[in-house]
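S.K.: Handing you this structure, nothing more for now.
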Amino acid sequence: MKKVIIRKTEEIENWRRNINSEINFIPTMGNLHDGHIKLISTAKNDNSNVNLVSIFINPLQFDNKLDLENYPQTIDNDIKISFSNGADAIFIPSYEDIYPPNNKNIKFLKAPKELSSALCGLNRIGHFDGVCTVVYRLLNLIKPKNLYLGEKDWQQLLILKNLVLRKNLNVAIRSIPTQRDFDGIPLSSRNVHLSKNERKLISFFSSELLEAKKIFQQDKKINLNQIIKKLSAKKISVEYLEHLHPHTLQKARPEDNISLLAGAIRCGETRLIDHVFLMKRRPIIAIDGPAGSGKSTVTKLIAKKLNLLYLDTGAMYRALSWLIIKESVDYKIEKKLQNILKDISIFFKSNTNSHQDVYVNNYCVTKEIRSQKISSIVSKISSIKEVRKFLVAEQRKIGESGGLVAEGRDIGTTVFPHAELKIFLTASIDERAKRRKYDKNSKDSQEIDLYTLKELIKKRDFEDSNREISPLIKANDAIEIITDGYTIDEVVDKIIDLYNDRIPKETEIK
């Protein structure tokens, strides 16, 4: 594709009609640095869409006229950087193109107060209104499939996500982690204004935030006043330093696994922001649902794509059921059940095909536990109080450090009630029966007619939903996904999009 520079809104409309491709859009205000390069290269590597970079210094988002006048302009270098790193086209409009005079169709938007009244919004009145206005205008002109933004401006990212939802815009927001320079400070177009001494001061500010992150991981409290005192001792002017919930921007709660520590300082005439995410453990995805809803298949793929541990809790109950049958244990007699729980060892191990095998006392039972014989008894065994207490404790041990996706029937309600993302995966009984019928790993199901399979699934649903301990129910904060008519890949992509929307990319950086 021929690389082009577009300067007029009419040209952007003609170009969009002629490219015969979806668009990845990377909006910038110019003076591009390695952070922008990361955005452009990420867009290029994500898919085969056409990549469009815009360069437009938006006056509406400047609350300080001097700041606008001093904003660095390096247009020739920006063009070179954009094209050499994957841009197919560059849009460089004038103010009149974006905000044509006497055009009543231009909407000047207000940012939501619940997100814009804290942090930067306290002192930069109207800033986020200007951001919303220009991005909304650009999105309507360009109509991209994906919008690429950096997490450095986290508050702005939240506000633009809200804008997309509020205006029902058909665009997916893709974010990348804050990119830092050699001395730890976040890359910013304004860094060119810093003297050597000012840069040292900002580096100290960033290092204090990163140190707070380490302290938090050690399960220690963050002392904001102490950090502010340290900064003040260095003659650093602190505009704000807040510990907040990462999505609501309200005060962080003790039970929040992921929280935001954000600050703004001034060095000379330059104002800079920085933040870190504080995390007690890595994120957890909890996937619940009835038998045959596709939980195992979907969860395995999600674990692989997100590099998370796959915890098949249902397999643990099946493994115990297998041992009870094998040893002819009368599980209704408490003492005999306690003996088998005391001696059992259930663990998972990757095999040569990169799949996960289930072991009971060092014996691989991956295939055996999927038999109809096990299916007919596992619900009864899993409803026993002692069994659930034992296996839930084992599952929580595995999940102490997070970094996993677990599937079962009580993951989001009982095992991991504070999971960052809870999914309730389900499907119609007809659909689930068909899946069981044609499951290559279940020979027993292949030999049973569809009607009988439906009746067995109904029976299992009733038992799971009506057991006294940890019944199968949808967690209050779970997102229900009905999988009828969707491919496995579509369901997996949907859940990964939800995960990416909730979990900052920066939390993946150790």
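Any Cβ shown, glycine's included, is placed from N, Cα and C.
According to Swiss-Prot, the protein carries these features:
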REGION    1-276  region 'Pantoate--beta-alanine ligase'
BINDING   29-36, 150-153, 187-190  ATP binding site
ACT_SITE  His36  active site, proton donor
BINDING   Gln61, Gln156  (R)-pantoate binding site
BINDING   Gln61  beta-alanine binding site
REGION    277-510  region 'Cytidylate kinase'
S.K.: Among the binding-site residues listed here, Gly35, Gly150, whose Cβ has the fewest other Cβ atoms inside 10 Å?
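M.R.: Least crowded of the binding-site residues Gly35, Gly150, by Cβ count within 10 Å, is Gly35.
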S.K.: Of all the binding-site residues here, Asn31, Gln61, Gln156, Ser189, which one's CB has the most other CB atoms within 10 A?
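M.R.: Result for the most crowded candidate: Gln156.
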S.K.: Averaging the per-residue pLDDT over the region 'Cytidylate kinase' (277-510), what integer do you get?
M.R.: 91
S.K.: Could you check which of the recorded positions (His36, Gln61, Gln156) sits closest to Leu187 (ATP binding site), going Cα to Cα?
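M.R.: Nearest listed residue in space: His36.
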S.K.: Using a Cβ-Cβ cut-off under 8 angstroms and a sequence gap of six or more, which residues of the chain neighbour Lys152 (ATP binding site)?
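M.R.: Lys152 (ATP binding site) has long-range Cβ partners Gly35, Thr178, Gln179, Pro186, Leu187, Ser188, Ile273.
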S.K.: Nearest to Gln61 ((R)-pantoate binding site) by Cα distance: which of the recorded positions Met29, Asn31, His33, His36, Ser189 is it?
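M.R.: Checked the recorded positions Met29, Asn31, His33, His36, Ser189; minimum Cα distance to Gln61 ((R)-pantoate binding site) goes to Met29.
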S.K.: How long is the line from the C-alpha of His33 (ATP binding site) to the C-alpha of Gln156 ((R)-pantoate binding site), rounded to the nearest angstrom?
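M.R.: Given the Cα positions, His33 (ATP binding site) is 19 Å from Gln156 ((R)-pantoate binding site).
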S.K.: Between the Cα atoms of the residue listed as 'active site, proton donor' and Gly150 (ATP binding site), find the distance and write it as a whole number of Å.
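M.R.: One finds 8 Å between the Cα atoms of these residues.
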S.K.: Considering Cα atoms only, can you say which of Met29, Asn31, Gly150, Ser189 is the nearest neighbour of Gln156 ((R)-pantoate binding site) among these binding-site residues?
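M.R.: Sorting the binding-site residues by distance from Gln156 ((R)-pantoate binding site), the top entry is Gly150.
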S.K.: Go through His33, His36, the listed recorded positions, and name the one with the sparsest Cβ surroundings, counting other Cβ atoms within 10 Å.
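M.R.: It is His33 that, of the recorded positions His33, His36, has the fewest other Cβ atoms within 10 Å.
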S.K.: Return one of helix, strand or coil for Asn31 (ATP binding site), based on DSSP.
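M.R.: The three-state answer is coil.
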S.K.: Look up Lys152 (ATP binding site) in the DSSP assignment and reduce it to helix, strand or coil.
M.R.: helix
S.K.: Using a 10 Å cut-off, grab the number of neighbouring Cβ atoms around the Cβ of Leu187 (ATP binding site), all chains included.
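M.R.: Summing over all protein chains shown, Leu187 (ATP binding site) has 17 other Cβ atoms within 10 Å.
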